[in-house]
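TrEMBL lists H129 with the feature active site, proton donor. TrEMBL lists 294-462 with the feature domain 'Mre11 DNA-binding'. Per TrEMBL, region 'Disordered' is recorded for 506-527, 540-646, 660-705. If you look up TrEMBL, you'll see 597-607 marked as compositional bias 'Polar residues'.
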Amino acid sequence: MSTINSQDDEDAFKILIATDIHLGYLEKDPVRGNDTFVTFNEILDHAQKNEVDFILLGGDLFHDNKPSRKTVHSCLESLRKYCMGDRPVQFEILSDQAVNFHYSKFPWVNYQDRNLNIAIPIFSIHGNHDDPTGADALCALDILSCAGLLNHFGRSTSVEKIDISPILLRKGRTKIALYGLGAIPDERLYRMFVNKQVTMLRPKEDEDSWFNLFVIHQNRSKHGATNYIPEQFLDDFIHLVVWGHEHECKIAPSQNEQQCFFVSQPGSSVVTSLSPGEAVKKHIGLLHVKGKTMKMQKIALETVRTFYMEDVVLADHQDLFNPDNPKVTQAIQAFCMEKVESMLDNAERERLGNPRQPEKPLIRLRVDYAGGFEPFSVHRFSQKYMDRVANPKDIIYFFRHREQKEKNDNDLNFGKLVSRPASDGMTLRVEDLVKQYFQTAEKKVQLSLLTERGMGEAVQEFVDKEEKDAIEELVKFQLEKTQRFLKERRTDAEEEKIDEEVRKFRESRKKNTEEEDEEVREAMTRARALRSEDAVLIAASSDEELMDTGMKGTGDSDDGLPATSSRGRGSARGRGRGARGQNSTARGSSRRGRGSTSQESATSSRTYKPVSVPAKNMSIMDAFRSLKPDPSLNSSKSYSEDIIDDSDLEDISIVPSFKVNQRLSTTSSLSKRRSESQTSRGVDFESDEDEFDPFKSTATSRRTK
């Protein structure tokens with residue numbers, strides 16, 4: 001790596017580099033709540049004092065996918081304070097900005113907007129914490145981009161092919177091709193690299209005259225067979241890779257001997273896990289680029305809370321501790337207190353040299369008590385340091401190395417699934433745990449219809465992104481697809497043949513990973529659309545209820561309806577019983593249940609898209625049985641119909657009278673008297689008791705209102 005003699009040369013770029021700021025981490029903690037905001041202000045202050053050309057962020061600016069109002073407000077306050085001003089921007093953009101920012105409503109860099117006055121532009125990719133989600137695929141960075149305070153780039157939504165188009169920058173005679181790729185699930189991106197589906201586009205003119213800078217946010221260390229991105233996957237024409245997501249600070253560029261490019265890993269600017277990698281001193285980088293030469297200047301962050309960590313193995317101190325001694329626990333506790341006091345003294349000496357650092361340090365003592373020792377009360381131990389450390393509840397961490405046992409294939413070794421807690425540096429992914437659980441589970445509880453990969457992705461969406469309908473929509477989607485496959489194959493309604501066809505179909509889906517990714521993506525899209533539709537239906541239902549309340553006046557809630565008294569009261573009771581035990585988000589609104597009243601249809605001119613009621617769990621065999629015609633039915637059976645509004649014609653179905661009577665026979669005498677008055681109109685309020693036929697269409701699977 002070459003050095004640059006003149007840092008203030010008009011041909012040299014000065015770029016401030018930082019990653020994984022995690023704004024909003026532990027924002028509700030009374031001691032550590034403001035740590036991320038204070039350090040972010042320090043980073044921006046360094047950029048302003050060094051008069052950098054722009055700031056490059058490597059993802060995870062926010063810790064949460066949906067940051068709080070306090071976090072967003074503090075971020076906007078800092079960006080407006082440090083990044084806006086009259087200082088002119090000295091570089092220009094040569095590439096087509098409509099391509100670089102094609103997903104933005106304002107597809108151009110913010111400092112070229114005539115309505116804004118930007119002194120320090122910020123270019124950032126998204127990380128795995130603040131990635132785009134929801135029906136519109138938006139993230140917190142898109143809010144900052146729309147406000148003109150940040151330039152969000154490196155976004156790719158395709159699961160089939162990724163074309164990374166660079167932002168071409170020029171300052172004097174120095175030209176930089178800035179490539180970026182936001183966070184993508186590691187296994188998917190690994191497979192796309194292997195299949196040659198990732199392409200880094202190069203400038204058509206003088207492609208060898210550009211300094212190629214690539215920023216990425218993925219696993220760098222190997223967490224599994226395909227759960228990381230090897231450096232060898234990246235193109236060799238790159239000069240410098242800025243690697244985000246890894247929190248250990250290795251900001252000094254290291255050369256990859258095979259690809260010949262340099263890799264800089266700035267690490268996080270805040271301690272988010274009490275692991276050895278986080279105990280390394282935190283830095284940001286000031287990158288100087290002139291021509292094709294570069295220089296990385298390390299800048300130590302002074303406002304980061306100090307973190308000291310130490311390991312103790314009790315078995316290594318046999319001269320101090322004897323497991324047979326009845327007072328050995330008190331001796332261990334006194335020994336741990338000495339260790340903690342020593343770390344506190346070191347933290348105090350470091351803080352006195354820099355008053356900008358927070359007063360209370362982070363302390364972590366990991367104690368291996370293997371060898372017959374017993375742990376003492378961590379809660380009682382922590383009480384002594386409540387006013388001296390920032391993490392009193394988890395100062396001490398007891399663990400014990402398990403002894404190696406003979407391998408038994410019949411036993412489940414859950415120690416392999418969780419060898420150490422995630423807080424100590426091991427990244428545990430939800431989809432990996434789901435996959436490992438089903439692979440090691442007994443045969444009777446293994447998946448026979450769904451795939452482990454699809455279920456893992458759905459569980460991850462449910463946990464990380466709060467998609468409440470993710471698992472349900474995936475199950476429904478894959479169930480419908482399997483049923484269509486069986487119907488096309490015209491499989492006989494025999495359990496053995498059905499199971500064999502389902503097994504073959506499941507194996508073929510597992511092999512076709514691209515199709516499975518498409519299934520999961522479509523199921524998640526349906527879940528997000530369902531959530532958005534639920535919100536619209538709830539709002540519409542609330543407006544109609546308010547309107548009805550205003551028309552009724554005083555008196556009993558069942559009286560005063562614009563219909564006959566008996567019909568109005570019966571309908572109101574039916575709706576009350578149909579809504580019991582259900583919330584609005586699960587059912588959408590009172591209109592979506594089968595207990596909807598005809599009065600509601602008459603008083604509203606709106607029409608809503610019908611949403612299918614979630615089906616009960618049923619096997620494929622039960623679904624085939626439900627298709628077989630009942631011999632007790634014939635064309636002479638009488639059917640009861642209901643006169644409904646034209647706006648609900650798409651929901652029409654016919655209810656056999658004998659089935660209504662059969663259901664009435666199982667209810668109590670009180671419910672029987674109430675339901676008999678509805679039988680003549682074909683109204684069914686006990687819809688939750690009815691069987692669901694998944695082979696029927698959405699419209700025909702519901703009963704007549």
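Every residue gets a Cβ built from N, Cα and C, even glycine.
Quick caveat, the model's predicted, so the values are computed rather than measured.
Within its own chain, the region 'Disordered' (506-527) has Cβ neighbours under 8 Å at 135, 159-160, 188, 191, 448-451, 453-454, 457-458, 461, 467-470, 472-474, 476-478, 481, counting only residues six or more beyond its boundaries. Mean pLDDT of the predicted structure over the domain 'Mre11 DNA-binding' (294-462): 80. Within the region 'Disordered' (506-527), the DSSP-based counts of helix, strand and coil residues read 21 helix, 0 strand, 1 coil. In sequence order, H22, G59, D60, F62, H63, D64, N65 constitute the residues six or more apart from the residue listed as 'active site, proton donor' in its chain with CB-CB distances below 8 Å.
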